[in-house]
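Taking it in order: structure first as structure tokens, then the write-up.
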Amino acid sequence: QGIFVLGLPYALLHSGYSGLLLIVLAAALCCYTGKILIACLYEENEDGQLIRVRDTYEDIANACCKKLSPSLGGIVVNVTQVVELIMTCVLYLVVSGNLLSHSFPYVPVTEKTWSVIAFVTLLPCVFIKTLKIVSKLSQLCSLVHFVIILVVITYCLTQIPQWSWAKFRLSLEFEDFLVSVGVIIFSYTSQIFLPTLEGNMKNPGEFRCMLNWTHFFACILKTTFALTAFLTWGEKTKEVITDNLPSFFETLVNLCLLTKALLSYPLPFFAATEIVYSCIFKGNHSNYRSPLLALAVRGSFLLLTLLMSMFTPHFALLMGLSGSVTGAAMTFLLPSLFHLKLKWKKLSFLEKCADISVFILGFLCSLAGIVCSIKGLLEEFG
């Protein structure tokens with residue numbers, strides 16, 4: 001689910017009834033592209049049995065681009081993955097500054113300064129060497145997340161007498177709608193983790209069933225959360241929905257969210273640095289774990305995320321831009337393109353049409369979302 005679920009009520013504010021449809025449609029499309037991405041890992045042997053011949057997203061990309069360059073596809077995918085992971089880290093810093101500023105409104109400190117304070121607590125990330133530490137932090141993060149969602153939904157349900165469907169907008173501003181599309185897409189992105197996940201399942205044959213159920217429940221939770229929150233606050237819905245809570249709830253929930261954001265940061269940070277290591281030192285294992293070089297790379301990544309968070313302190317717009325660029329590419333464009341490339345001769349006419357439709361839809365949404373998100377950010381900078 002992720003902390004970016006908090007931006008969904010704000011997306012409904014700008015997309016109205018169509019936003020509810022988008023949440024459902026995005027779940028269905030992300031589930032579909034997840035399946036076709038995993039299908040690209042397999043090829044039939046002489047007996048007609050499916051054999052896993054590829055292990056990662058990078059392997060799939062390299063297989064599709066091997067006639068042009070043996071490693072071109074992998075480079076494109078790795079760059080896209082690193083950008084998405086870095087943007088995720090930046091968003092955690094942005095939302096941390098936002099949460100702290102609203103939790104302590106009487107402290108004469110700007111939101112950017114709060115982001116720097118949050119950044120200081122993340123400095124120990126440069127010493128994380130294994131995924132084992134990250135996994136423990138992620139377990140705590142998941143627990144805090146569900147507590148937060150439960151508290152917000154419970155409060156919203158106590159406000160049912162004030163709900164009104166008239167709060168939903170019928171007329172939409174096209175640019176605001178496209179930013180909402182990016183926000184919704186970003187809340188579902190998971191494709192970069194799927195090849196590793198499927199490869200580590202005890203029974204990979206259950207992957208498709210698992211994907212169906214997880215996307216179904218994610219869709220239910222996102223729709224419920226976004227709908228109850230928007231019906232509660234309507235036009236007053238803010239970028240981070242917890243800012244709408246009464247003061248006696250807001251500080252407590254915001255501190256929980258801050259804890260979640262800080263606990264969430266190490267996973268994308270670790271994944272991004274590992275991708276960079278594997279790319280730079282491929283085939284050169286003598287320098288792969290150089291302690292000094294590792295600290296330099298991690299320190300550079302930390303500083304980069306801080307600088308980006310300082311210059312783009314707008315949660316929804318930044319999330320919309322990330323969803324439109326890397327989210328759309330990794331979730332819609334590349335899976336459909338790779339599936340068409342690797343499985344063209346074995347696909348039915350309807351399957352080809354589905355892949356082409358997903359690609360075109362993803363391209364249009366990505367292009368329009370990029371333009372509108374950048375325009376919105378430029379307007380915010382005046």
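Backbone N, Cα and C define each Cβ position, glycine as well.
TrEMBL does not curate its annotations; it predicts them automatically.
Here the structure is a predicted model, which means the values were calculated and not measured.
Annotation comment: TrEMBL describes 1-374 as domain 'Amino acid transporter transmembrane'. The transmembrane segment feature in TrEMBL is assigned to 20-42, 75-94, 114-131, 143-165, 177-197, 209-232, 252-280, 292-311, 317-338, 358-378.
By the Cβ criterion (under 8 Å, sequence separation of 6 or more), the transmembrane segment (114-131) is in contact with the transmembrane segment (75-94), since 3+ such pairs are found. Proximity of distant same-chain residues to the transmembrane segment (209-232), defined by a Cβ-Cβ separation under 8 Å and at least 6 residues beyond the stretch ends, is recorded for 1, 5, 8-9, 11-13, 19-20, 23-24, 27-28, 30-31, 34-35, 149, 152-153, 155-157, 159, 162-165, 167-168, 187-188, 201, 241, 244.
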